[in-house]
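Chemist: Pasting a structure below so you can have a look.
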Amino acid sequence: MKWLSKRQKIADERMINMQNKIYKEIYTIVMILCLISIVTKYYLYGIDAKIVTTELIILFVSGIYYTVRAASIGIFSDEVELHDRNSKVPMSSKNVYIGLGLGVIIGLFFGIRSAIVYGSGLLNSIFYFVIVFFATLMIYLPLFLVLFAGGFSVAKKASIKATEKDLDE
């Protein structure tokens with residue numbers, strides 16, 4: 001049944017690299033268009049997550065797909081190594097800082113909002129701010145640290161394992 005199997009196509013490396021460059025540009029254009037669509041819809045229709053669900057799904061799924069795919073073929077760890085070689089702050093530290101920063105920003109937002117909306121005096125507002133800020137930190141800091149730092153370490157380990165498997169073959 002030779003007619004069912006695919007023949008190996010002879011490909012020019014320069015042509016493949018140019019095609020990959022074009023695909024990268026298309027990906028960037030699609031991401032920029034999604035962000036422009038989100039901003040435009042928020043401006044025209046107000047802030048409502050239901051309006052931009054499709055764009056958010058496109059953004060999140062493409063990011064998750066790239067990470068999973070890069071880890072499964074073993075280039076994620078190489079990208080991290082290249083980044084760490086060229087940057088003063090290692091990628092693992094950046095992920096921890098991003099998780100901490102997002103947790104603190106969300107805590108400040110919810111704390112200030114609670115103080116403004118529910119506080120009926122200076123001391124009462126400060127009390128609401130402190131309580132909500134620390135409660136939000138207790139909830140969101142571990143969540144973001146697990147999402148960013150944990151996801152990064154899992155992807156890096158999977159990528160290293162895939163690279164070792166390729167080297168063994």
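From the backbone N, Cα and C atoms, a Cβ is placed for every residue, glycine too.
Remember, TrEMBL labels are computer predictions, not curated facts.
According to TrEMBL, the protein carries these features:
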TRANSMEM  26-44  transmembrane segment
TRANSMEM  56-76  transmembrane segment
TRANSMEM  96-120  transmembrane segment
TRANSMEM  126-155  transmembrane segment
Chemist: What else in the chain is close to the transmembrane segment (56-76), if you only count residues 6 or more beyond its ends and a Cβ gap under 8 Å?
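Modeler: Distant contacts of the transmembrane segment (56-76): 27, 30-31, 34-35, 38, 49, 151, 154-156, 158-160, 162-163, 165-166.
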Chemist: Quick test of the contact rule: Cβ under 8 Å, at least six residues beyond the ends. What residues does that give for the transmembrane segment (26-44)?
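Modeler: Result: 51-52, 55-56, 58-59, 62.
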